[in-house]
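Enquirer: Quick paste of what Swiss-Prot says about this protein:
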TRANSIT   1-33  transit peptide
MOD_RES   Lys47  N6-succinyllysine
MOD_RES   Lys52  N6-succinyllysine
MOD_RES   Lys76  N6-acetyllysine
MOD_RES   Lys117  N6-acetyllysine
MOD_RES   Lys129  N6-succinyllysine
MOD_RES   Lys129  N6-acetyllysine
BINDING   Ala183, Phe185, Lys209, Glu212, Arg213, Ser262, Glu417  NAD(+) binding site
MOD_RES   Ser262  phosphoserine
MOD_RES   Lys298  N6-acetyllysine
ACT_SITE  Cys317  active site, nucleophile
MOD_RES   Lys376  N6-acetyllysine
MOD_RES   Ser380  phosphoserine
MOD_RES   Lys391  N6-succinyllysine
MOD_RES   Lys500  N6-acetyllysine
Amino acid sequence: MAALLAAAAVRARILQVSSKVKSSPTWYSASSFSSSVPTVKLFIGGKFVESKSDKWIDIHNPATNEVIGRVPQATKAEMDAAIASCKRAFPAWADTSVLSRQQVLLRYQQLIKENLKEIAKLITLEQGKTLADAEGDVFRGLQVVEHACSVTSLMMGETMPSITKDMDLYSYRLPLGVCAGIAPFNFPAMIPLWMFPMAMVCGNTFLMKPSERVPGATMLLAKLLQDSGAPDGTLNIIHGQHEAVNFICDHPDIKAISFVGSNKAGEYIFERGSRHGKRVQANMGAKNHGVVMPDANKENTLNQLVGAAFGAAGQRCMALSTAVLVGEAKKWLPELVEHAKNLRVNAGDQPGADLGPLITPQAKERVCNLIDSGTKEGASILLDGRKIKVKGYENGNFVGPTIISNVKPNMTCYKEEIFGPVLVVLETETLDEAIQIVNNNPYGNGTAIFTTNGATARKYAHLVDVGQVGVNVPIPVPLPMFSFTGSRSSFRGDTNFYGKQGIQFYTQLKTITSQWKEEDATLSSPAVVMPTMGR
């Protein structure tokens, strides 16, 4: 009876929705500090809560490095409260009709569309990417929400009647319980939207930890989810760094962890979370190669290389950071440089900007050091963006488009993921040599080949050991009816993000063997031998 009453309350809550987010954000508050810098709240039990923490992290505008907010490192008590809220909400949410959960997401995707530009503005302010790119960030996440609305078919089980006389076998998918997500700074909307909508539509409750550098988009997305009718406690949000990550990895009530970020963090979370008996999926670093054949459409290929290498200032796990020029295609290098020179570097909210700043001064320093390593190890810098100055934003973390040629696979700038607006260029004589270079690299997130020859494209797609391959498509991120299938050192776990695999990750199978005898008779004696069923 209690479960029925709780489920009825959930359904009533789902029907009480508003159509617009409030104009004044409820997830920011007036600062408790002496300055006027706002502080970011936690989201626990359906309420935006001011943290009692004495540890705070500054949020900077990467274009100016001014402090625009502060985010708390949640206390142990606050993190425990968030988990307790998830745990309390789970039974009623799991018992809620899948159609009702679907209705929440149908309303949610509409509210995201209506507030897309507001979310994008927050992303540009905190992360630095251009407004157009920020809108793309939100839109690609929205596509996953839209796909999650297909849950009624995606969660279907399997049935086999009459496996033997009067006996049927069937299986269905059930939610795991409390799941958690740890998101990176580079996609403040898309990556969280890969996580909690898929988990929640399956009947799980969710604990989200956005990047402490870019919390604003996730907080607005939480408000929109609440306005869509999601019951209190089904989504909770904490903030923090190492202590919050360890808390998520160790807490016994968390059943699964989704992570996107660096290799160092991903390996750590995968090992620690797995050690504590959790499912873990971890998307990590990359070194994505674009192989250019001499028969490719030159103008189209050059534009695609430049856009995929330098868009978002190279801060994408699917950035095309390495070009492999095959045969006569090496003659295109001067034109490649000219195309890159035409890109406009500016603050993300400025009209006409093609790429914005890097996320922090430390990120800029690391990128510049990797460029330096190329010159020290014998590479040539054809285009150098290290000394770029953006008028009016002299304190920003800007690096302009940079192209390094004569790169060899043993060089540091090739071996490490740069995560900046830097394209390293290698040259080979044959396609087979290019394939060998790609396959010898430990990463397996994405790759692309540019050619007008179908046989060449097919050979490359079949022989290259990379999880996602583009043919004349520089950033082959699958649409959400498929799954994001990075591989090798770019991924840890056995089930990928979104698509069918996303549903599998957030659910568990239950199989029922049922017998109703036609004669409705009782056994005359106990059956003590192993049932063979098929005889």
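Yeah, the Cβs are placed from backbone N, Cα and C, and that goes for glycine too.
Please go over these features one by one and say how buried each is and what sits next to it.
Expert: Sequence-distant neighbours of Lys47 (N6-succinyllysine) (same chain, 6+ apart, CB under 8 A from its CB) are Asp232.
Take the CB of Lys52 (N6-succinyllysine) and look out to 10 A: across all protein chains shown you find 11 other CB atoms.
Lys76 (N6-acetyllysine) falls within a helical segment according to DSSP.
A sphere of 10 angstroms centred on the C-beta of Lys117 (N6-acetyllysine) encloses 11 other C-beta atoms. In the three-state DSSP scheme, Lys117 (N6-acetyllysine) falls into the helix class.
Under the three-state DSSP scheme, Lys129 (N6-succinyllysine) falls in the coil class.
Neighbour list (Lys129 (N6-succinyllysine), Cβ cut-off 8 Å, at least 6 residues apart, same chain): Ile123, Asp137, Ala312, Ala313, Gln315, Gly348, Leu355, Gly356.
Remark: Arg213 (NAD(+) binding site) has Ile59, His60, Glu126, Gln127, Phe185, Ile359, Thr360 as non-local neighbours, by Cβ distance under 8 Å and separation of at least 6 in sequence.
Its own atom aside, the Cβ of Ser262 (NAD(+) binding site) has 15 Cβ atoms within 10 angstroms in the protein chains shown. According to its DSSP assignment, Ser262 (NAD(+) binding site) is coil.
Lys298 (N6-acetyllysine) carries a helical DSSP state (H, G or I). Taking the Cβ of Lys298 (N6-acetyllysine) as centre and 10 Å as the limit, one finds 16 other Cβ atoms among all the protein chains shown.
Counting only residues at least six positions away in the same chain, the Cβ atoms of Asn186, Val260, Asn283, Met284, Gly285, Ala286, Asn445, Gly486, Ser490 sit under 8 Å from the Cβ of Cys317 (active site, nucleophile). Mapped onto three states, the DSSP output places Cys317 (active site, nucleophile) in coil.
Long-range Cβ proximity for Lys376 (N6-acetyllysine), meaning a same-chain Cβ under 8 A and a gap of 6 or more residues, is found for none. The secondary structure of Lys376 (N6-acetyllysine), as reduced to three states from DSSP, is helical.
The C-beta environment of Ser380 (phosphoserine), restricted to residues of the same chain at least 6 apart in sequence and closer than 8 Å, consists of Ile404, Ser405, Asn406.
Long-range Cβ neighbours of Lys391 (N6-succinyllysine) (same chain, at least 6 residues apart, Cβ-Cβ under 8 Å): none.
All chains included, 13 other C-beta atoms sit within 10 angstroms of the C-beta of Lys500 (N6-acetyllysine).
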Enquirer: Could you check which of the binding-site residues Ala183, Lys209, Glu212, Ser262 is the closest Cα neighbour of Lys500 (N6-acetyllysine)?
Expert: Ala183
Enquirer: Output, ordered by sequence, the same-chain residues six or more apart from Lys76 (N6-acetyllysine) with a CB under 8 Å from its CB, or 'none'.
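Expert: Result: Glu243, Phe247.
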Enquirer: Tell me the Cβ neighbour count for Glu212 (NAD(+) binding site), meaning other Cβ atoms within 10 Å of its Cβ, over all protein chains shown.
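Expert: Looking across every protein chain shown, the total is 20.
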Enquirer: Sort out the sequence-distant neighbours of Glu417 (NAD(+) binding site) for me: same chain, 6+ apart, CB within less than 8 Å of its CB, listed by position.
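Expert: Result: Asn263, Gly285, Ala286, Lys287, Ser321, Tyr443.
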Enquirer: For Lys47 (N6-succinyllysine), just give me the three-state DSSP call.
Expert: strand
Enquirer: Over all pairs in Ala183, Phe185, Lys209, Glu212, Arg213, Ser262, Glu417, the listed NAD(+) binding residues, work out the largest Cα-Cα distance in Å.
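Expert: 24 Å is the greatest Cα spacing among the residues binding NAD(+).
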Enquirer: Any idea which of the binding-site residues Ala183, Phe185, Lys209 has the thinnest Cβ neighbourhood at 10 Å?
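Expert: Sparsest of the binding-site residues Ala183, Phe185, Lys209 by Cβ contacts within 10 Å: Phe185.
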Enquirer: Return only the integer: C-alpha distance in Å from Lys117 (N6-acetyllysine) to Lys209 (NAD(+) binding site).
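Expert: Here the two Cα atoms lie 23 Å apart.
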